[in-house]
Amino acid sequence: MKILLIYSMTPKLVIWFTLFVLCLQMGDTFDISINNEEIDNPGLIIKSKFKKYLPELQENLEIPITEKQQSIKESFIPRRINYPHYGLRSRFRKDIAISETTTTTTQESETSIATNGDSFDSDNGENKSDSSDDESSNNEGNDKSDATFKSLSSSSPTVVHSRRSWIKDFLIFKEQKVSTMSSSSSSSSGSLRDKSKLKQENKQLQSRIKNYDDTVSDPRDLKRWVRLIADEGKNEFGKKHSSKNYIQKNEIELDIEEFIHYLVEEQGFNSSDLEFLRLKNLDYGLGEIEKELNKLKEAKGSPKVISIGGEDENSAPLLWIKISKPTVCLVIALTFLLLG
């Protein structure tokens, strides 16, 4: 009977019937086994996992895909919220700040908020209000810092004066004196130069001739020839590079008498105070000499205050009179004679 029924059906119905039977068989064979244990209804388990990790999908099994996505894992990672941090940073800044940095940070924060979209604005409305409050306080702090910076720049700079270098002043004075002398002498010696030029033109050539008679007499004696040349070189080298003519670059040679004369005549020192410079066993360096001269100048420049017992704020007026000892003795003797 079954066979008759199947053959009595139209060919289209037969095809649909066979497909339905095959689907039932495939549904029965679809099973999942984990650790050799079969799991019933795996579709329900998958739905429950999606509800746990992505509750907004509810019963749908659609995976959200964002732009510029490279893998499926990125759809399950929660989106990072970029909070603006310039409000917190302004609380830890110093009083003096540069206004340009604040403007750049505000521009960057505005662009980042615009690119994030409407969902970011709806989720973080409270954060926007907090950031606007922080921004207003930040602008007020920047205005105060700009005002303090302008006041500091407008105030006159403090000038620190270093101690005077007397030796350097003496050397400069000496150079100026030499330059003035050379300029005055150059103007007066114009005619002398013309005369010297004429003399040089009329001069004959001068040459030194060395006598090598003892060496020429025996041309095979090379030892004496070499010794003679070596001795001449030694003498020339010794004259140029003798210890007397050698002066280090850091050393300065001073004429003590000329230096004392400069200090007395030009700077107003007392010659009696400068006697220590004439000592033969003076082991002072240039720095120590300048210290002593500064001490003498300060002692001379500070006015001497003599107290005569004037009125003070916390004391009664007093009058101090200095009387010599013999006058005191005479006054005491006269008082005894008059009273006795």
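Heads up, the Cβ atoms here are built off N, Cα and C, so glycines get one too.
For 1-29, the entry in Swiss-Prot reads signal peptide, with the evidence type sequence analysis.
Residues annotated as region 'Disordered' in Swiss-Prot: 99-154 (among others).
Annotated compositional bias 'Low complexity' per Swiss-Prot: 99-115 (among others), in sequence order.
As annotated by Swiss-Prot, N-linked glycosylation site applies to ASN127 (among others), with the evidence given as sequence analysis.
Annotated region 'Disordered' per Swiss-Prot: 181-212 (among others), in sequence order.
Per Swiss-Prot, the feature compositional bias 'Low complexity' maps to 182-191 (among others).
Taken from Swiss-Prot, the feature compositional bias 'Basic and acidic residues' applies to 192-202.
Non-local contacts of ASN270 (N-linked glycosylation site) by the CB criterion (under 8 A, 6+ apart in sequence, same chain) comprise VAL264, LYS300. In the three-state DSSP classification, ASN270 (N-linked glycosylation site) falls within coil. Under the heading N-linked glycosylation site, Swiss-Prot lists ASN270 (among others), citing sequence analysis as support.
Annotation source Swiss-Prot lists GPI-anchor amidated asparagine at ASN314.
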